[in-house]
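Peer 1: Sharing a structure, written as structure tokens. Questions coming.
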């Protein structure tokens, strides 16, 4: 049984616990049924589009750096994808309140139209500024209008099983992160960049139609008065500490996703071109299981307990596997097995970065406030996504093109994230290892 916390009367202090020791909010959710699982299925399709593209940025970074944007440095090119991810997360500041006020369906519809249009425009880009503007200013905000209502709607139907349900939906991003890189490499070679992106856009359009059809809200809309962004939630110290942990989490997450393929291509034949482009697929394939399995476990062992284990594993894989690989001679035969091992372990461990973090946010608030809490969190975390890859790119240049500094930086960010998540857990339930939280 968890002790009551007088500092958080709205959620934990007056809330009972279930048979397994979870703090249960004084709200009831269906926890299943056809309508609830159809929302999860629709969310899976929407998040395939939203996070699948995010998880595949390394493939596009590697291709553009050797074709249309070959005259630009890796750090400069990474700003295109960092701005895209930043605006996708930052735009949640408005997307969350709109979700609470109006519900998810029309938001997903608008986001789907904008993201598909943006991809068609992306297919005809030639210059750096065109890639930057289209992916950042069109596809980025559109992405927020897809994933925010998808995650928020699931929170309306599940509470005790929220970790598992959210993990299933967000695993769509992992599947997208496998399918998209495996699609793009042969398509680039056979039909060129333009038609490769258009084929991807048609796939996204099909999945978005399913998402719009299935995703809906359970709670009644709050009305126009609740549509304005609200940062007063930051007065909650635990939420602020949690956001700091999520900040370092995303600061680290997108560095391997952006640069691991480029690192493999930079080796002196240690990893061939074909396998290099498949590394993102390996990460996301492992991430699929890393979203489902920890999501299920978290509903029984605690959301914070589970994410602490996976974040620690992320730190260890970067410092203990990728870092040693970067210190080897670039032609060493040991690089390939080390990098594949890293992609597998890191992929599994990092799967919870996107699936459990929002569930942890939901554990600190009421269901009716979930959209705003989530939006506030992702808005601030967006700055990590904006700066992480460019900082890593600048560090790559400072290290003379060697990737050891990047691997060490990523591991350090994960260590910092672990500390913040641990502090929130200690503030809420103390040091007890047997407490489910």
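Glycine is no exception: its Cβ is also placed from the backbone N, Cα and C atoms.
Per TrEMBL, the features are:
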type     : residues : note
DOMAIN   : 197-437  : domain 'Major facilitator superfamily (MFS) profile'
TRANSMEM : 34-54    : transmembrane segment
TRANSMEM : 74-93    : transmembrane segment
TRANSMEM : 105-122  : transmembrane segment
TRANSMEM : 128-151  : transmembrane segment
TRANSMEM : 163-183  : transmembrane segment
TRANSMEM : 195-219  : transmembrane segment
TRANSMEM : 239-265  : transmembrane segment
TRANSMEM : 304-323  : transmembrane segment
TRANSMEM : 335-361  : transmembrane segment
TRANSMEM : 373-396  : transmembrane segment
TRANSMEM : 402-424  : transmembrane segment
Peer 1: Mean pLDDT over the domain 'Major facilitator superfamily (MFS) profile' (197-437): what is the value?
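Peer 2: Value for the domain 'Major facilitator superfamily (MFS) profile' (197-437), mean pLDDT as a whole number: 87.
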Peer 1: Tally Cβ pairs under 8 Å between the transmembrane segment (195-219) and each listed stretch (105-122, 128-151, 163-183, 335-361, 402-424), then give the stretch with the top tally.
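Peer 2: By the under-8 Å Cβ criterion, the transmembrane segment (195-219) pairs most with 105-122.
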Peer 1: Is it the case that the transmembrane segment (335-361) and the transmembrane segment (74-93) touch, counting contact as three or more CB pairs under 8 Å in which the residues of each pair are 6 or more positions apart?
Peer 2: no
Peer 1: Are there three or more C-beta pairs under 8 angstroms joining the transmembrane segment (373-396) and the transmembrane segment (304-323), sequence spacing 6 or more?
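Peer 2: No, these stretches are not in contact.
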Peer 1: Report yes or no: does the transmembrane segment (34-54) come within contact of the transmembrane segment (402-424), defined as 3 or more CB pairs under 8 Å with a sequence separation of 6 or more?
Peer 2: no
Peer 1: Could you check whether the transmembrane segment (239-265) packs against the transmembrane segment (105-122) - three or more CB pairs closer than 8 Å, residues at least 6 apart in sequence?
Peer 2: no
Peer 1: To the transmembrane segment (402-424), which of 74-93, 105-122, 128-151, 373-396 is linked by the most Cβ pairs under 8 Å?
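Peer 2: Counting Cβ pairs under 8 Å, the winner is 373-396.
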Peer 1: Which stretch, 105-122, 128-151, 373-396, tops the Cβ pairs under 8 Å count with the transmembrane segment (74-93)?
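Peer 2: Going through each listed stretch, the top one turns out to be 373-396.
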Peer 1: Counting only residues 6 or more past its boundaries, what in the same chain has a CB within less than 8 Å of a CB in the transmembrane segment (373-396)?
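Peer 2: Distant Cβ neighbours of the transmembrane segment (373-396) are 73-76, 78-79, 81-83, 85-90, 92-97, 99, 144, 148, 151-152, 155, 229-231, 233-234, 239, 242-243, 246-255, 258-259, 357-358, 361-362, 364-365, 402-403, 405-406, 409-410, 413.
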